[in-house]
Amino acid sequence: MAPRAQIQGPLTFGDVAVAFTRIEWRHLDAAQRALYRDVMLENYGNLVSVGLLSSKPKLITQLEQGAEPWTEVREAPSGTHAVEDYWFETKMSALKQSTSEASVLGERTKSVMMEKGLDWEGRSSTEKNYKCKECGKVFKYNSSFISHQRNHTSEKPHKCKECGIAFMNSSSLLNHHKVHAGKQPYRCIECGKFLKKHSTFINHQRIHSREKPHKCIECGKTFRKNSILLSHQRIHTGQKPYKCNDCGKAFAQNAALTRHERIHSGEKPFKCNKCGRAFRDNSTVLEHQKIHTGEKPYQCNECGKAFRKSSTLISHQRMHTGEKPYHCSKCGKSFRYSSSFAGHQKTHSGNKPYQCRDCGKAFTKSSTLTGHQRIHTGEKPYHCKKCGKAFRHSSGLVEHQRLHTGEKPYKCNECGKAFPRSSALKQHKKIHNKERAMKCS
């Protein structure tokens, strides 16, 4: 394509678009047309994201509506078949050099914007970073900052014209267009989800069938995907390849490292839409939301008590069985809960990586730090539904609720007397200890 004169005025979509005539368009096969669509939509999205377009070009409207986007307006001199063939081949060359997410046309957009004193994201070189007021995360580019904020607001401004599904960012919409373009041919009949690869489709179907063909030879636990099995096996081998740059703590899974790093950054991107409380990971906010719904699907067969999480039920059942499966190799002490065991091990190492920014006090566990920080903020997020009393810790609420229910789960083995709190049972046992001491004397 003939070189264009350097653009002096505002950048327009026409400066970075490629136009095909009707004859040229008919020479394109389905894959080439789909590629053209992706490239044009991405270039349009780039210009919109930096505020260089105020109206939607006709070409984009045609693409979104599924119409043929050819035009009779010519950029090239005409007159011979050789010239026309040259122009068509030049246009095709630009498209063939494209990839799914970054195209040669996009590079032209980038170079023109840089000539205007802007970087690829539309910032001048003297502009400052962008900080999110919700979670404190800092972004180099304004477009990344705007896209991130939608995690907090749940805004989905990018809507598919064909099926109506909306997305938070233009890249997700572009990826979704592949469904309609036939680039994601595997459709799940259970939930309607489209998948690009056959292997991904097979793994996805196991969610519905609950098939778990990959078995751990150490403990017998089964998994849907081989990658999850390999990650699980690190529990047995002790391998922890993912290390935190801030405190040096290592993890078996990359996802666990990502969650841990949010402790240092303070980022809590997952927000409860009921009370506004923010969390570091999605699974925690889902569990938290059961507080509002009152859902407790996991019930103890021994006492009938119900729980929001299956893991809490398993831990609770150890009160009935007396099982303490976590043993400290340093001192021989045993624990009912893995969290208690992990916290205990830090007493031997003396490591307290979680420090309060307000008073400097350090803790062995992040959960203890979170609870401690409520002393400074005055936050009491756990409310009793019976009387409205609020507590800093969930354990305080649980103990308080026993006043209303009359539950006394802590029983003395010597006299059978029961108590609502473990501390009350410990205090009571001193009576028996004193009685035994008096008998001995």
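Including glycine, each Cβ sits where the backbone N, Cα and C put it.
Looking at 76-98, 99-121, 214-236, the range tied to zinc finger in Swiss-Prot is 214-236. Sequence-distant neighbours of the zinc finger (270-292) (same chain, 6+ residues past either end, Cβ-Cβ under 8 Å): 134-135, 152, 154, 259, 262-263, 308-309, 381. By number of Cβ pairs under 8 Å, the zinc finger (326-348) is matched best by 354-376 from the list 242-264, 298-320, 354-376.
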